[in-house]
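Have a look at the structure below, then the notes.
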Amino acid sequence: MRVALFLTCVNDTLYPDTGRAVVKLLTRLGVEVDFPMAQTCCGQAHYNTGYRHQAEPLARHFSDVFGSDAYDAIVTPSGSCGAMVRELYPRMGERARAEGRGDGLARTLAPVVPKTYELTEFLVDVLGVTDVGAYYPHKVTYHPTCHGLRSLGLGERPTRLLRAVKGLELVELPGAEECCGFGGTFAVKNSDVSAAMGTDKVRHAESTGADVLCAADNSCLMHISGTAARLRTAVRPVHIAEILASTEEEPLS
Amino acid sequence: MSGGTFVGMPAFPEAAHEAVGNTTLRANLRHATHTIRDKRARAVAELDDWAELRAAGRRVKDHTLRHLDRYLVQLEESVVRAGGTVHWAADADEANRIVTDLVKATGESEVVKVKSMATQEIGLNEALEAEGIHAYETDLAELIVQLGRDRPSHILVPAIHRNRGEIRDIFAKEMAGWGRPAPEGLTDTPAELAEAARLHLREKFLRAKVGISGANFMVAETGTLVVVESEGNGRMCLTLPETLISVVGIEKLVPTWRDLEVFLQTLPRSSTAERMNPYTSMWTGTTDSDTADGPSTFHLVLLDNGRTDTLADEVGRQALRCIRCSACLNVCPVYERAGGHAYGSVYPGPIGAILSPQLRGTQSEIDASLPYASSLCGACYEVCPVAIDIPEVLVHLRERVVQGGEATRHGTKVMLKPAKGHAAERAAMRAAGLVFARPGALRAGQRLASRTRRLHPRTLPGPGRAWSATRELPKVPAEPFRDWWQRTQGARSKGKGNDA
Ligand code: SF4
């Protein structure tokens, strides 16, 4: 099995540890990982802010980079970027068609859509594993981010993976399904509301007594950890890939 | 002035700023929305065929909207056959004029009202007041809003932002000015508050000769109008007065009685978490015998007010499927913190964020800000009983705001210019687009950021300042992932552009 790692621009630039964790984890599970260096950004921020036409060249570029037959799957540790490809690329194609621009965009984007998986989806659905041999002796609470939860329908996959981690105690997060308040440009355009939502998320995490707040999307974690740092809380936000990559021999620092 | 006005509202972020800081308001909203959202989830879970009902509701509405012209004509014929009169109103002014003239023709100067979003949308109470006609709201929550000279904050529970203590104070202070005063020594127990309202309203019901309502549904095949409610006050207004005037948006139509079957299940469960509405009133035309209950004169005012323009928009038209259940408000984390007033319209919450900018256009500051009043979390779409993809419409309207484009206003196609104030953002998006178009440029930018990481400010300039005011910025790592990959595994890479 040969997969292309779609790391996302946020992870690549700000959270390289998550990328290293995915490589370590997938390699351990016998998957051959490649990182196509020409990848940049899926266009989600452009699309969601109302710049669909600017998102189109980025989507084309994505397809160009990842569409190769050499890959059995495209794996990303980001629910929202995964949803961008799987849910919104087809929609971009349809809109272009509705605007009388023909089938070109839809045809260009089609090959990458069914091959793109969010990490936990790939592990559970494609590799068929829930116990990835991880060790992480901490009390963890899980925040299902909105796109992972509602667009991709990740459901129980992440928590099944977490439950199988040795040493890990999973505690339920109150109001888990509520948005953390990030929402891309929402965090800037509606900063007050966004911050209020982030504060509630952090307070809920604190109330569980967990050391770690885990999620499958670094964009949301960036917002949550920025808020947590300001509130000086003890809960540490960590990406699920880093927990799953952690082993007794090589624990996550 | 009752009802208040929505024009000249500030943009959503400013309006929300105040609400976020008001802890009483936030506590009231949080308590109310969480209670009802949990109850709704239980009421919906009881039905095995919820998904099918939701799909059926969507289908019925889509079908009706596709053939709206035909069904509206059928409705008109049915209403006339049943003894009613039909009026067509293109906009708010026309609707207000029609209703005012109809009331004046009766010689009355008082009307009782059934809670109705359509009449609030057009500002009917204010228009009547200007002509010396007093309109009395009879829905309990609507009464609280009217007495408090307030604006509704929620579709279903207009006074959701008020707690019992506040309501007691409003009753004690204001009821006397509108009719029967509140009883001496009124406390804030629900039973006493309800009794005070009942006595106050009874006087109005018994005196009124003219009733004004909206409708939840109109049935084309028979000309029947339907109002569902919890308190029964609506039924009093629909049966006691001699003249009944109903102002209804043209999208409230369903073709047949059979279609009601779906909505009379999904609406109550989605809105009040009840299996059935306590009161479902249906009326068809006029009552001809003196001894029967019901109006002897019936007028239906069919309101467009931006609806056909909305219908012309392929993506946005799904907003017209809305049955005003308010489920999307109750799950919306933004509504919960910002409150209904921040949306600057009678339609708050997620549905308001997509409906108002379509009905009114995106030219005003508030309407241009509404499509951004969402984190696109998708909770609204998930609960919507007619499956309106609210996030999809939000993004579509954002596009209209920042890029302009084709839209329909007053029945003609217009090219909209982008809204003001997005120039910096547009430039940033374009710059980002250029960087992302070339992996080499992205890499150079990352390296520069890494090399200068110790110099990065803790607060951002420009629009980013709002972010760094409440959150710590992430630290830029010493080495971006792609450099690590190249350094450690580069030789393994076979993918495209690996020399970038
Ligand atoms: S948009 Fe959907 S959930 Fe919201 S009020 Fe309308 S029908 Fe209800």
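Going from the start of the chain as shown, residues are counted 1 onward.
A Cβ is built for glycine as well, from the same backbone N, Cα and C atoms used for every other residue.
Keep in mind the model is a prediction, meaning the values are calculated, not measured.
Marked as domain 'Cysteine-rich' by TrEMBL: A:3-85 (among others).
Residues or ranges marked as domain 'Cysteine-rich' by TrEMBL: A:140-224 (among others). For the domain 'Cysteine-rich' (A:140-224), the predicted model reports an average pLDDT of 95.
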DSSP residue counts for the domain 'Cysteine-rich' (A:3-85), split into helix, strand and coil: 47 helix, 10 strand, 26 coil
The domain 'Cysteine-rich' (A:140-224): DSSP-derived helix, strand, coil residue counts: 41 helix, 11 strand, 33 coil
